[in-house]
């Protein structure tokens, strides 16, 4: 299995970080969904960008709760680990949820690009005028990749779950998918989940590179659009900080943050693959888990800071909490 031993302190640190990430994920994504739904109810309408943003927040909110359920399931009901259908279901749900989380974020980036960028190209103008249909088409095409990703699960040679308790060891040799290696401790039990064929991570990384490439192209095209707009403003001797320039900059800031977090996430996946084949280090795989959860959670807070409505709502909530805290202090003994 593995030669490296993870200490109890490493597991404790990992658990604390994971717990903090999950709590932040629930609060952040729940906040985005709640604000947009309340605004939708109040105005009786919702913009296309808010529709994508709300769907993304709900997807990630469910993802966080799915991770919590998985952890509780593995720690409180360890006997379920020996059932291949349970682990298969977990792997499939993870793939589906991760797929929509990444592709909805990509759709949001493409939507901002088509709305903000300015090109005289006829194809770009055609797509710009039909931005809603473009986003819908991206979702539909991504479903093909999702189906292919799920079908690729049949390529597994062996998936094993070892449960160690004293001198007792159980092994499940069914071909069952799971995103990566996991380790959970429950009392004296240690569960090591590993895919000996090393097929999942390369295939999943390949499918994740597709939305990353789409987002990167949209980001680079937005930079080019800003450069052209800036040159045009210089020729016309107009102020450099007009509304279009600010919209470009704000979209670029959000896009850059998403790509940076995405790149770090993919980097950890690559490191995880290398650690499986070469290093054999479990600590790297623990950080792989942390980065996998931290990527969508961190991006959600980037979206809050980059959206005027969400940022103002968050500031209002913080102001109310600060006022309530002061009131409680004055009422105290």
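Cβ coordinates are placed from backbone N, Cα and C, and glycine is handled just like the others.
Bear in mind that the values here come from a model prediction, so they are computed numbers and not experimental data.
Look at Swiss-Prot and you will find 186, 195 tagged as N-linked glycosylation site, backed by sequence analysis. Residues or ranges marked as topological domain 'Extracellular' by Swiss-Prot on the basis of sequence analysis: 1-13, 82-89, 155-205, 277-283. Swiss-Prot lists 35-60, 111-133, 227-255, 305-333 with the feature topological domain 'Cytoplasmic', giving sequence analysis as the kind of evidence. What Swiss-Prot records for 14-34, 61-81, 90-110, 134-154, 206-226, 256-276, 284-304 is transmembrane segment.
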Cβ-Cβ under 8 Å with the transmembrane segment (90-110): same-chain residues at least 6 beyond its ends: 49, 52-53, 55-56, 59-60, 62-63, 66, 70, 134-135, 138-139, 142, 145-146, 149-150, 153, 176-179, 204, 207-208, 211-212, 214-215, 218-219, 254-255, 258, 262, 296, 299, 303
Same-chain residues near the transmembrane segment (14-34), Cβ under 8 Å, at least 6 residues beyond its ends: 53-54, 56-58, 60-61, 63-65, 67-68, 71, 286, 289-290, 293-294, 296-297, 300-301, 303-304, 310, 313-314, 317
Number of helical, extended and coil residues in the topological domain 'Cytoplasmic' (111-133), per DSSP: 17 helix, 0 strand, 6 coil
